[in-house]
Amino acid sequence: MGNLCWVYLVLPFCFGLVLNTLSQENSDSDVYIVTLKQAPLSHSYQGFNNGSTSVRLNKLYKPRNDSRSHQRSSSYISRVHDSLLKKALKGEKYMKLYSYHYLINGFSVLITPQQADMLSRRQEVANVVLDFPVRTATTYTPQFLGLPKGVWPQDGGYETAGEGIVIGFIDTGIDPTHSSFADDVSDHTYPIPDHFSGICEVTRDFPSGSCNRKLVGARHFAASAITRGVFNSSQDYASPLDGDGHGTHTASVAAGNHGIPVMVAGHYFGNASGMAPRSHIAVYKALYKSFGGFAADVVAAIDQAAQDGVDIISLSITPNRRPPGIATFFNPIDMALLSAVKSGIFVVQAAGNTGPSPKSMSSFSPWIFTVGAASHDRVYSNSIILGNNVTIPGVGLASGTCSNEMYTLISAVHALSNETTLANDMYVGECQDPSNFDRELIQGNLLICSYSIRFVLGLSTVKQALQTAKNLSAAGVVFCMDPFVIGFQLNPTPLNMPGIIIPSTNDSKILLQYYNSSLERDGFTKKIVRFGAVASISGGLEANYSVSAPKVMYYSARGPDPEDGFLDNADIMKPNLVAPGNSIWAAWSTLGMESVEFQGESFAMMSGTSMAAPHIAGLAALIKQKFPHFSPAAIASALSTTASLYDKNGSPIMAQHAYTNPDLNQSPATPFDMGNGFVNASSALNPGLIFESTYEDYMSFLCGINGSIPIVLNYTGQNCQLHNSTVTAADLNLPSITIARLNRSQTVGRSLTNIAGNETYRVDWTAPFGVSMNVTPAHFFIAMGEKQVLNITFNAMTNDSTASFGRIGLVGNGGHNLNIPLSVIVKLY
């Protein structure tokens with residue numbers, strides 16, 4: 001372990017030295033991911049039922065925990081990779097970054113395009129792919145999801161919720177000093193699961209003792225980034241330490257400790273808890289603040305997580321671009337994740353923050369559980385009451401001014417010191433430097449500052465403006481939105497003094513019109529002689545729970561799932577469902593730089609599908625704890641079929657469809673907005689029936705894609721002649737049905753397995769517009785452990801290329817209700 005630590009410590013220097021030599025002589029060098037035809041280690045253990053609900057003891061617990069055997073095997077495979085490179089490149093310069101051996105057999109290497117071509121011609125080589133970039137895409141959500149009363153008690157309460165399950169996070173690392181990741185918060189025994197064999201890197205930034213029984217493993221992967229010269233060791237850290245904040249946040253959403261006080265800017269916002277507070281955390285850092293990440297590093301992280309024995313992989317990351325080629329599914333990350341699913345690992349990925357446009361999905365494959373972002377019903381808001389009795393809403397996690405007292409409003413541009421002019425500093429209105437202002441004029445009054453695009457870019461900060469206001473003894477701060485900031489949505493921002501940010505440009509105009517109309521000027525000099533506008537600020541520290549929720553957020557990526565670079569539609573429903581992702585309180589790295597306003601804080605409020613995905617990772621841990629024999633497909637089915645279609649008021653869930661004024665541009669959510677619906681944690685632990693899919697099913701689907709036979713062979717080493725290549729995506733046994741092109745008529749089947757007691761079900765359905773349909777049988781009895789096949793026939797009734805939606809409902813007399821969304825896009829009559 002000591003040697004491993006030193007290897008990581010010296011990587012930045014070693015790679016820097018070699019890269020200089022390479023870049024001088026081969027300026028067109030780049031990183032390529034090379035896969036070989038020989039099967040990886042994970043495919044060599046066949047004593048299990050691939051992807052089925054049978055116990056994965058032979059495969060996952062015994063072989064994956066035999067670390068000495070794996071070390072010998074991986075060392076041998078690494079030597080094979082080295083030998084191949086020497087033979088193929090015949091003395092030319094190159095640099096191998098990683099040997100992948102567990103999920104895929106291959107390596108990443110820095111070479112020229114000519115050398116890549118030489119490698120691709122080798123008989124042992126299956127595939128050569130250019131590396132590509134990737135990017136990153138709570139106190140109350142456990143209550144909103146019903147965990148304290150409906151879910152945690154089923155397994156002994158929060159003190160045992162998720163125990164024995166290891167969640168692996170491919171993210172920006174973790175802050176190991178955070179109380180959310182301590183292992184001494186309970187008197188209950190807390191052993192590290194026997195099936196996990198990961199290690200904890202030790203570096204200067206991540207010293208010995210950083211890991212514990214909660215944080216059971218931590219590594220970092222940056223070889224591809226270092227070879228490119230984009231790695232900044234002063235802020236990215238060559239260790240598992242989180243210099244961004246994103247990874248700490250996502251890990252605590254899924255598995256942070258229960259009952260951790262949230263203190264931000266000196267204010268208390270309740271106690272935080274992860275979804276599965278007793279699950280164990282393993283961190284595989286492959287993303288970084290200054291540049292994001294690269295596929296070669298991410299694949300290495302996935303490969304290591306699977307070998308270590310994680311039960312769940314959570315990825316709050318997406319590719320920067322849609323994968324090229326005949327299908328989006330054929331890319332190194334998705335294919336590595338397919339092998340992870342074959343090994344029994346449930347994989348969760350964020351849908352991406354590229355909504356609300358159709359086909360904006362950034363997570364493609366049917367073996368990956370894709371999560372979109374929805375709101376919950378806790379909101380923070382404050383307001384400013386003007387002297388003309390107009391009240392303007394805003395955001396600001398701040399206290400208010402003294403009650404029943406009005407304060408004079410003074411704009412920063414009207415309170416300049418004698419030495420400051422707008423000509424000298426056009427950004428002076430952003431209140432970044434107290435020396436620019438007249439303290440006597442501002443003292444005891446409300447200072448108006450401009451919130452411009454520079455705040456969005458991080459060139460100006462709210463924290464600095466607040467410090468300016470404090471230095472000038474202002475009574476509070478009012479931020480007005482610059483009219484050029486269009487479509488930018490603000491999270492509630494912590495303010496350590498009375499203040500408000502007015503996010504609406506129209507509302508900001510109203511305040512400024514009142515302010516300007518109240519100014520008194522000298523008739524001759526035009527100088528201001530009196531500031532007549534007054535106002536008071538109401539506090540924004542108390543949460544409001546009266547809003548309708550959930551609703552699909554405007555930024556959440558939407559379906560249909562793009563099958564290829566030509567944006568053809570796949571017969572796959574994406575996203576799978578939506579979960580809380582907006583305004584989520586969770587742990588934050590004290591070194592975190594992603595959000596300037598939360599720098600130095602131990603908690604932060606963030607929004608995005610990145611926050612939604614770990615909610616599902618944590619809930620999956622609870623399902624895995626209750627049903628340890630469940631396959632990844634069974635967990636996905638339990639979450640999907642039990643999802644809710646209605647908000648807390650019983651109305652259909654709405655979806656926002658615009659960046660600007662999103663609440664004024666919304667409509668009932670479709671399956672392309674929310675998949676099966678909004679996650680229902682309590683029902684997911686009692687699904688009744690499940691849809692099972694196996695690795696063999698996914699292979700048959702891939703083999704059925706036109707032109708895929710050589711690509712499948714390249715990625716998996718398996719011949720499509722061994723699989724049923726007539727299977728289409730619509731035939732996969734998923735808990736949803738999508739038909740991208742309905743040519744007259746099509747029948748698909750779905751097989752259900754009963755994991756509950758004997759039950760009789762009624763089948764109801766609503767056909768998509770322009771389609772008639774029939775489901776047989778319409779009623780059925782199913783005994784515990786038995787299977788039932790449903791045959792669903794769709795008939796086009798019109799010629800139409802507009803997507804339409806329907807649903808199948810299964811209603812059991814034992815209280816189980818399942819929801820299967822339907823979508824038909826092109827209809828040919």
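In case you wondered, yes, glycine gets a Cβ from its N, Cα and C as well.
Taken from TrEMBL as is:
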type	residues	note
ACT_SITE	Asp171	active site, charge relay system
ACT_SITE	His246	active site, charge relay system
ACT_SITE	Ser610	active site, charge relay system
DOMAIN	31-136	domain 'Inhibitor I9'
DOMAIN	162-656	domain 'Peptidase S8/S53'
DOMAIN	731-824	domain 'Subtilisin-like protease fibronectin type-III'
SIGNAL	1-16	signal peptide
Determine the Cβ neighbour count for Asp171 (active site, charge relay system): the number of other Cβ atoms within 10 Å of its Cβ. 28
Taking the Cβ of Ser610 (active site, charge relay system) as the centre, how many other Cβ atoms fall within a 10 Å radius? 30
C-alpha spacing of His246 (active site, charge relay system) relative to Asp171 (active site, charge relay system), in angstrom: 7
If one measures from the C-alpha of Ser610 (active site, charge relay system) to the C-alpha of His246 (active site, charge relay system), what distance in angstrom results, rounded to a whole number? 8
His246 (active site, charge relay system) has its Cβ surrounded, within 10 angstroms, by a count of other Cβ atoms equal to 29
Give me the mean pLDDT over the domain 'Peptidase S8/S53' (162-656), rounded to a whole number. 91
Residue counts for the domain 'Subtilisin-like protease fibronectin type-III' (731-824) under DSSP, helix then strand then coil, are 1 helix, 63 strand, 30 coil
